[in-house]
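Visitor: Here you go, one structure.
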Amino acid sequence: MNAAGFPLLSLLTFLPLLGAGIIMFVRGEEAVVAANARWTALWTSLITFGLSLILWFQFDKSTADFQFVEQISWMPEFGLGYHMGVDGISVLFVLLSTLLTPICILSSWEAVQSRVREYMISFLVLETMMVGMFASLDVVMFYIFFEGVLIPMFLIIGIWGGTRRVYAAYKLFLYTLLGSLLMLLAMLLLWFEAGTTSVPAILNLQIAPSVQVWLFLAFFASFAVKVPMWPVHTWLPDAHVEAPTAGSVILAGVLLKMGAYGFLRFSIPLLPQATEWFAPLIFALSVIAVVYTSLVALAQEDMKKLIAYSSVAHMGIVTMGIFTLNHQGLSGAIFQMLSHGVVSGALFLCVGVLYDRVHSREIARYGGVAKIMPSYAMVFMLFTMGSVALPGTAGFPGEFLVIVGAWQANPWVAFGGALGMILGAGYMLYLYRRVVFSRISREDLKALLDLSPREYVTFAPLILLTLWMGIYPSSFLSFFEVSVAALVTRHEAAMALPRLAGM
Amino acid sequence: MNWTLILPELVLAMAGLVILAVGVLPKRDTDFATGMAVLGALLLAGVLVVAQPEGEAFLGQYVSNAFTKFMKILVLAGGALGLVLAMDWNRKEGLARFEFAILILFSTVGMMIMVSANDLIALYLGLELLSLSLYVIAAFNRDSARSAEAGLKYFVLGALASGLLLYGSSLVYGFSGSTNFDGIADAIAGSEGAPFGLVIGLVFVLAALAFKISAVPFHMWTPDVYEGAPTPVTAFFATAPKVAAIALLTRVVAGPFAELAVEWQQVLLIASLCSMVLGSLAAIGQRNIKRLMAYSSIGHVGYALIGLAVGSEMGIRGLLLYMAIYLFTNVGAFAVLVAMRRDGRALEGVDDLAGLGRTDPAMALAMTVFMLSMAGIPPLAGFFGKLYVFLAAVQGGYWTLAVVGVLSSAVSAYYYLRVIKVMYFDSGEALDPRPPSLSVVLAGTGLFTVFFFLFPTPFLAAAQAAVAALVG
């Protein structure tokens, strides 16, 4: 049945839901309920993470096929099935989701004091949706998880967010929903054409180029919003600024990857002609995203907003890499998605550390933090370097590979991407200088405490990963090497077909 | 003459007469006893419907098959749930009169006859039995000007719709020579092209039925009647009669007028498009939650009609599922509305739900589930309803319907989310404790909505059998 010998992916997906169910039935005084909810959530997510490590060790890197496959008939009349499995492209995202959830829960240990039970339930449900989305091999299931993410996220931002939380939550929900519904129509057409909703079967469809264009646009409407690509990125800064710290971490760490993952899973293998046709448009949008949002980031006064814009820029690099459609570009894009998940998640945690102490995200409110919180300054420095893509940190291999891939596709695109990297160094270092260095601007800052043991524990895995991914990227690249090669081969074969047919 | 075929309706009607006779005798309030008796009768009728043989009776005026059974079960469930919602409410409002339950019962008989009617006359009889009962319960709170206005409005416009129906029926009879569905079908099949008068008659019949399901452009009465009628009555209006009228519409267009698909498809297409768009846009500005639900129900009729407008078996199956899911989700949402009461006073504003997430987390969670389900967010039941009708639209190549459908779903998500926002993000005072009957309804419909995706097969199979019987 699969390499683990038991339905591992289903377990990973639904275990958090079980934890949420337990928390739901905790009774007692508010403080007791809160403590129980925290510990239950932490243990559930840790066990899930522990189980997910089986994927890391037992995943067969030498094949591009789906592994750990589970398949059960669900609505046979409609050709709908319950179908799970991971390949090289998705496996690490499952791990990223299971890793970030316990970190988020730990980071909100003290920050969230109201309605702790609901908060923890939301995060566990969110984990179910994220893991389910990356692991599902059925378009309807994919859609269910893809959309289902919105429910907990809407509540997380709306209940535990900042002052303009309602606006931000609405914007996130409606933007994403509108795009996704168009994708649903595309999926329905594929379902109807293939007679089944199984992804591997659908990927074997031969679709006429004229239809491909429409399908591509429908998928694009959903994925571009989720990535987010310029000009539909405007929900992201609002959502990030208003979301509680852990919400931002998950948003930047995993949710933004869902759009890019969608491109990799559906658009490119399924719609080769349309992909080729739209690639210049995507390049243009990506370059605009990289350069424009970097410039916007330079002007920000709010730390979270700055990092949010930097996320848009980094995701621009990802879409650029994906649509180069060559080995380096695609590998770089996937690597960049992973490293961005770790680094930007960590940066939001860094902002959260200061926010928990001072309750302000304004850059001008800080200054000279290095003298008061030296360990914190070190940690923040490392992740800043990761975001800047300094060689030796997680950010570098991905961006470098994308630029190399983009150069082969179009040197001007590579130029745009490189320009973004330079600007990235600009705004991140500028942020770091204003917050951490310079004079101690206010007296009350002197009372700040350095990182607590809990915060060390929160940061430790992210620090480790940032360095590991930068120093020895092969341990990650090797996971998707074969899958990417298969994707490229498949695309080239599909593009060669019409020419062979005498076009 | 096959009396056993009509046994459920007979039992219900007889029970209604007996309860009516018994109800007038004692001096004390008998509303609870009558309510229970009517619930028992509805339950018995449900069992009888399941066991009902299939076939035709009364010279082909009445038909029983898998389709009518499916719809009758829904109608009976809607009637029973509507009554459960009303009983406690009526008592608190001082409206505890035993006639209420009997009116619900008679309207249910009317709906069952509508569903099974195989003749224009039988159809009219069922529809009028339903409508007359509804006129009375809309104005049941007779000391309230708004309730009386709602009843009167519904009566005047409903009478107009009945007039349209009768006029259309007479044209159909005149040009086909029969009032029987099979006879009309034969007449259409036998003639070269449809007689023009028959098409006019069809349009009149469709207009009258569009009135009953409140499809745009015949929806104007809906918000006012929904707002004015007592809340549990609104809940009843929004569920069972709508399901019955949709069933009737389906039988009429897929039965006698199946050959004229090209004609009625255009009408339903326009009605569907307009209902979806209006339902989603007009609800945005509503502050009264009953008006909001009225526009929401107009929108839902639009989505359901996609299935019919597409005119395929797949579409009708989608329609049936949609109505089943709509019924239970709506009953659940209305159970929350019925429970909205503070210091003994019934509340109707969306803002009155403020803070429910804190004061009554269970009910807020249930309402969230219903709202998200109506917005079509997976994995809730409402998503599957939409999925199947959109699938039918895509399959039939009706891209306009599909695209307008998804766009208006996205718009409608806005006002469903507003309810959730008010419950969780705003703060407010606690509502009065809800009666146990409502908790049971909430739990039942909530669990159905959440866990539909785990066991869809029996529903799909039932809907499939129903469609096969209808088209077959």
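Cβ coordinates are placed from backbone N, Cα and C, and glycine is handled just like the others.
In case it's useful when we look at the structure, here is the feature table from TrEMBL:
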type: TRANSMEM; residues: B:6-25; note: transmembrane segment
type: TRANSMEM; residues: B:32-50; note: transmembrane segment
type: TRANSMEM; residues: B:70-86; note: transmembrane segment
type: DOMAIN; residues: B:117-411; note: domain 'NADH:quinone oxidoreductase/Mrp antiporter transmembrane'
type: TRANSMEM; residues: B:121-140; note: transmembrane segment
type: TRANSMEM; residues: B:152-176; note: transmembrane segment
type: TRANSMEM; residues: B:196-221; note: transmembrane segment
type: TRANSMEM; residues: B:233-254; note: transmembrane segment
type: TRANSMEM; residues: B:266-285; note: transmembrane segment
type: TRANSMEM; residues: B:292-312; note: transmembrane segment
type: TRANSMEM; residues: B:361-384; note: transmembrane segment
type: TRANSMEM; residues: B:396-417; note: transmembrane segment
type: TRANSMEM; residues: B:438-471; note: transmembrane segment
Visitor: Any chance the transmembrane segment (B:121-140) and the transmembrane segment (B:266-285) have 3 or more Cβ pairs under 8 A, given the pairs are 6 or more apart in sequence?
Guide: no
Visitor: Below 8 angstroms Cβ to Cβ, which residues of this chain, lying six or more residues outside the transmembrane segment (B:396-417), approach it?
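Guide: Contacts with the transmembrane segment (B:396-417): 269, 272-273, 276-277, 279-281, 283-284, 286, 292, 296, 299, 302-303, 306, 309-312, 314-315, 371-372, 374-377, 386, 389-390.
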Visitor: To the transmembrane segment (B:266-285), which of B:6-25, B:233-254, B:292-312, B:361-384, B:438-471 is linked by the most Cβ pairs under 8 Å?
Guide: B:292-312
Visitor: Do we see three or more Cβ pairs under 8 Å linking the transmembrane segment (B:233-254) and the transmembrane segment (B:152-176), pairs being at least 6 apart in sequence?
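Guide: Not in contact, no.
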Visitor: Mind checking which residues of the chain, 6+ beyond the ends of the transmembrane segment (B:6-25), have their Cβ under 8 Å from one of its Cβ atoms?
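Guide: For the transmembrane segment (B:6-25), the sequence-distant neighbours (Cβ-Cβ under 8 Å, at least 6 residues beyond its ends) are 34, 37-38, 41-42, 44-46, 48-49, 52, 57-58, 62, 64, 72, 98-99, 101-102, 105-106, 108-109, 112-113, 116.
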